[in-house]
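*Asks:* Once you've had a glance at the structure underneath, I'll fire off some questions.
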Amino acid sequence: MSAPAQPPAEGTEGAAPGGGPPGPPPNTTSNRRLQQTQAQVEEVVDIMRVNVDKVLERDQKLSELDDRADALQAGASVFESSAAKLKRKYWWKNCKMMIMLGAICAIIVVVIVIYIFT
């Protein structure tokens, strides 16, 4: 004779409804989600720290570049004024040379005229 069939015990811990394989307890799932979220938050925090460091480095480089640009502007201003002075100096030198050349030509013409008429 066979033993009477026993129905499956209901209310067993971890048993899925319908008699399927038992699922993870709900507390474990929420812990896993919490850990995943915390890992994502830590990753975002690390990325933001790197970004802040990069922004600070960029700010420092921009400050150095601004200082160099100011120094270059000052040098350009000095160069411009000295170039203008040099231009004026050689313009006057050229004028003096032209006056001397004109005077020499005038003297030569006067000498030739005097030589011809005497």
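Here, residue 1 is simply the first one shown, and the rest follow in order.
Each Cβ is built from the backbone N, Cα and C atoms, and glycine gets one as well.
Look at Swiss-Prot and you will find 1-15 tagged as compositional bias 'Low complexity'. The annotation region 'Disordered' is assigned in Swiss-Prot to 1-38. The compositional bias 'Polar residues' annotation in Swiss-Prot covers 28-38. Residues or ranges marked as domain 'v-SNARE coiled-coil homology' in Swiss-Prot (evidence: sequence analysis): 33-93. The phosphoserine annotation in Swiss-Prot covers Ser63 and is backed by similarity to another entry.
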*Asks:* Which residues, sitting 6 or more apart from the residue listed as 'phosphoserine' on the same chain, put a CB under 8 Å from its CB?
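*Replies:* In sequence order there is nothing to list, since no residue at least 6 apart has its Cβ under 8 Å from the residue listed as 'phosphoserine'.
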*Asks:* In DSSP terms, helix, strand or coil for the residue listed as 'phosphoserine'?
*Replies:* helix
*Asks:* Across the compositional bias 'Polar residues' (28-38), what are the DSSP residue counts per state (helix, strand, coil)?
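*Replies:* Each residue of the compositional bias 'Polar residues' (28-38) counted once, the result is 11 helix, 0 strand, 0 coil.
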*Asks:* Restricting attention to the domain 'v-SNARE coiled-coil homology' (33-93), give the mean pLDDT.
*Replies:* 97
